[in-house]
Amino acid sequence: MPNASSWSASSPLLLLWEDSSGTRIFLSLLYAVLAISGTLSNVMVIYLVFSFKKLQTTSNAFIVNGCAADLSVCALWMPQEAVLGLLPPNSSSLRSAEYRLLRGGLLGLGLTVSLASHLLVAFNRYVLITKLPSVYQALYQRKHTGCMIGLSWALALLPVPLLPGLWTLGSAQADGSSRYSALLLALAVLGQTALLLHCYLGIVRRVRGSAKRVSVLNFHLLHQLPFPAAPPPPRRAQRRLSSVSVLLLCCVFLLGTQPLVWVSLLGFFLRPAPPALQAASWLLLCSLSALNPLLYTWRSEEFRRAARSVLP
């Protein structure tokens, strides 16, 4: 049976550091489910936005950008993990440094652009709800939107070489570069989370204190709606529903990102967390790639109407 350090050096990123066929089969099945559901949901959102002109808004452009990034995780990376989890620990596929680099690059690129898209969506909605319409129109011209999307992919290419260093995060022989890679990852996610929470909490304050903009319940661009809106509920109920929607989105995002942040900080400043905790924190972060399409569209009447017209 391989020890912890040899297993961590040759295993898929999220497999536990133990030679247990039952655990590996369970995680492989979990990856397969996340890969199928995440791929279908991301492809569906992209298809709906490109097929229905009503959905082609600036906010949805950033959502589509996140879905494209999530596809690199759900459609390209997770299926490989599902297959590799069924291979024996001494398989040559697991020991190939080039192959590990490719898988790490796919994961790093997808997660980085996905997290950047979360922030772009949050900032877009923050400007829409809290600033004057003229400010929003000046900032989110088509060329500016395209530059923001392109910049998210360009910046994502910078930290990709650092991600393979996290493969040895749970190893007793992990070198300093992997520890600093983990610290950089944790600080980047913390900074992104702080900006995202600032935007959404600013939206909550604005919606709760403004009767004029309180109808923005589902984060739509209501001025672009081509059909009459449903009769609004009482103003107090609207404010409460709007705040709950924002806070629910923030809670799901925090649940997916913060465990990895604190596990990484713990490993840098004190000692590495138990392997099972590391695997669970990575799994929560990667599961966001399958949940993001639902997270941003489940409250949208526009997406529901478009989906009903496509699905049997």
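Heads up, the Cβ atoms here are built off N, Cα and C, so glycines get one too.
Database features, via TrEMBL:
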type	residues	note
TRANSMEM	25-50	transmembrane segment
DOMAIN	41-296	domain 'G-protein coupled receptors family 1 profile'
TRANSMEM	62-80	transmembrane segment
TRANSMEM	100-123	transmembrane segment
TRANSMEM	144-162	transmembrane segment
TRANSMEM	182-203	transmembrane segment
TRANSMEM	244-270	transmembrane segment
TRANSMEM	276-298	transmembrane segment
PLDDT averaged over every residue in the domain 'G-protein coupled receptors family 1 profile' (41-296): 77
Result, the transmembrane segment (62-80) in contact with the transmembrane segment (276-298) (3+ CB pairs under 8 Å): yes
Folded-back contacts onto the transmembrane segment (244-270), same chain, C-beta under 8 angstroms, at least six residues removed: 115, 118, 169, 179-180, 182-183, 185-186, 189-190, 193, 196-197, 200-201, 203-204, 207, 217-219, 277-278, 280-282, 284-285, 287-288, 291, 295-296, 299
